[in-house]
Amino acid sequence: MENQFQDGKEEVIEAWYMDDSEEDQRLPHHREPKEFIPLSKLSELGILSWRLNADDWENDENLKKIREARGYSYMDICDVCPEKLPNYEAKLKNFFEEHLHTDEEIRYCLEGSGYFDVRDQNDQWIRVAVKKGGMIVLPAGMYHRFTLDSDNYIKAMRLFVGEPVWTPYNRPHDHLPARKEYVEKIINRGGTQAVEAR
């Protein structure tokens with residue numbers, strides 16, 4: 001399943017190493033010179049990604065196949081923008097605090113765009129830009145954070161295995177079993193394979 005629905009993925013998902021600037025989090029934060037990384041590097045970190053048809057997601061057979069294969073039984077849609085998200089500034093601040101989850105974080109961008117920041121094996125930040133049509137799965141136990149870009153809008157589908165649980169564990173939470181498993185499978189082994197869903 002990880003190797004399907006890849007055509008044109010680079011048009012909706014892009015990744016690069018971030019600078020250390022404290023400027024507005026919604027800016028791209030490229031290093032100078034820019035250091036783009038291949039999406040295969042994300043796979044090495046356990047991240048799954050696909051390009052799907054966001055204009056017809058209700059009838060998209062590819063989305064259905066992914067959901068069935070990975071057990072994503074629950075779905076909802078959220079708009080993240082100042083006009084539609086209550087307590088917008090506080091929520092965005094929470095999303096941008098570095099954290100992990102004990103389950104996968106699955107997001108499918110239906111409209112707009114945003115940034116998922118993840119850590120590589122050397123604890124360096126990688127910024128993953130996701131646009132309309134991009135679907136990304138961050139493995140359980142991976143430290144990450146999210147922010148909008150300067151357009152200040154994303155409409156995202158959230159997917160879950162079973163009941164929706166979004167519990168962030170802010171760094172450090174290295175003692176959690178999900179983190180230990182992620183470190184063992186990805187970090188200690190040099191990131192050679194995607195983490196399988198439980």
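Note: Cβ is positioned from N, Cα and C throughout, glycine not excepted.
Around HIS99 (Fe(2+) binding site), the C-beta neighbours below 8 angstroms that are at least 6 residues distant in the chain are TYR143, HIS144, ARG145, PRO168, TYR169, ASN170, ARG171, HIS173. Per Swiss-Prot, Fe(2+) binding site is recorded for HIS99, HIS101, GLU105, HIS144.
Taken from Swiss-Prot, the feature Ni(2+) binding site covers HIS99, HIS101, GLU105, HIS144, and the record attributes it to sequence analysis. Secondary structure at HIS101 (Fe(2+) binding site), as computed by DSSP, is coil. There are 21 other Cβ atoms within 10 Å of the Cβ belonging to HIS101 (Fe(2+) binding site).
Annotation for GLU105 (Fe(2+) binding site): same-chain Cβ neighbours under 8 Å, separated by at least 6 residues, are VAL137, LEU138, HIS144, TRP166. Note: the Fe(2+) site is recorded as HIS99, HIS101, GLU105, HIS144; in the same chain, LEU100, LEU138, MET142, TYR143, ARG145, PRO168 also have Cβ atoms within 8 Å of that site's Cβ centroid.
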